[in-house]
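To keep things clear, I will list the structure first and then write my remarks on it.
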């Protein structure tokens, strides 16, 4: 497959030590060589790096001092010739270098176009391409490991084996239908077909079992911190983040809006949401914050309910407990450095079997226990991203669910005595759905939509 030559800045825009302009295409080396003063890049070996200068051909002025990496097809990310120009970081010089390259007849790359070419040229499949963006967006080491495993093809191999099993079954069915007179062909009975289809459904179910944890590792746990004003919600946020993101004062109602922050808790990414203290108030701005707090609480995957150890439970406290019933929540009884006024037995009763943890955030006590409780709640205390192939992408989860239902329909049809040639339809559809995960059976419009979500230069 032949494409034109493209270029883009591959590093984040802004001031920094180094910025990289990436060029990919059959004539990438020749195009860059025109504006490079140093060695003749067309003569140098592949996978080498060379010092020189970028020159404006119109003025013969040196624009940048650079190091240029030459990587020749097919041993490159896109399977095309790739040139990477390492410039000094900054906006002006790197943009000037890019403009000089574009002036040589090179096109500015679209978002994700380098990765798209890697997919279209057969270097990676679609699930591996999506893992590239997951790696970029990873919030924890665990999420990074899951993305790397997918980039290395773990999920692709699982899907490939399932599709091969289905294909062999379909071929067996086809032979039985077209050549029933052949004595050396094993008869495809309903029992054999049920056994093979049940195996596929079981394998799909095993992969889907990892989806909840996989999605958490990829997207994080939306965690709302709720409680009455001045019980220590912002202090809890700051303790988990380990830096002062929220204003902490003795004045009730200081947090009037929703503060969001990602934090790594024992490999689990939490999207922490510090909400405005929930109480009845006449302050218009604070009241808006309270309403937003209630909305965020309803949308959260996990709720941290904070109450004050040094104060008796109020009707507002009890109302919060009622509001979180049916959700995953942990109760934090804060300010244990002060004299006790709260009824702990009542707190435990309201917690209804959920964890209750006592803390003194001002003395940094109880945070380790809270972090362990969060990991226990979602991962039973352990996250084994090394040996488990997690499925974390919502598109993949949806397709696997759809494939599981379709193969289930096939099994039901077999059990009801539907002719084998009719069962072929559901088996073929299952094979096609699984192929959409890896991109073997996917529409071009979906490919364009997926890669448009990538950053420019990737």
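Every residue, even glycine, has its Cβ placed from backbone N, Cα and C.
These come from Swiss-Prot:
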- 22, 84, 123, 458: (6S)-5-formyl-5,6,7,8-tetrahydrofolate binding site (BINDING)
- 220-379: domain 'TrmE-type G' (DOMAIN)
- 230-235, 249-255, 274-277: GTP binding site (BINDING)
- 230, 249, 251, 254: K(+) binding site (BINDING)
- 234, 255: Mg(2+) binding site (BINDING)
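This view paints the features noted in Swiss-Prot onto the structure.
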residue	record	Cβ contacts under 8 Å, 6 or more apart
22	(6S)-5-formyl-5,6,7,8-tetrahydrofolate binding site	7, 8, 9, 10, 82, 83, 84, 85, 109, 114, 457
123	(6S)-5-formyl-5,6,7,8-tetrahydrofolate binding site	77, 78, 79
458	(6S)-5-formyl-5,6,7,8-tetrahydrofolate binding site	10, 111, 112, 114, 115, 132, 133, 136
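Over all protein chains present, the Cβ of residue 230 (GTP binding site) has 21 other Cβ atoms lying within 10 Å. Look at residue 234 (Mg(2+) binding site): DSSP puts it in a helix.
In the three-state DSSP scheme, residue 22 ((6S)-5-formyl-5,6,7,8-tetrahydrofolate binding site) falls into the strand class. Per the record's binding annotation for (6S)-5-formyl-5,6,7,8-tetrahydrofolate, residues 22, 84, 123, 458 show a top Cα-Cα distance of 19 Å. All protein chains included, residue 234 (Mg(2+) binding site) registers 24 other Cβ atoms within 10 Å of its own Cβ.
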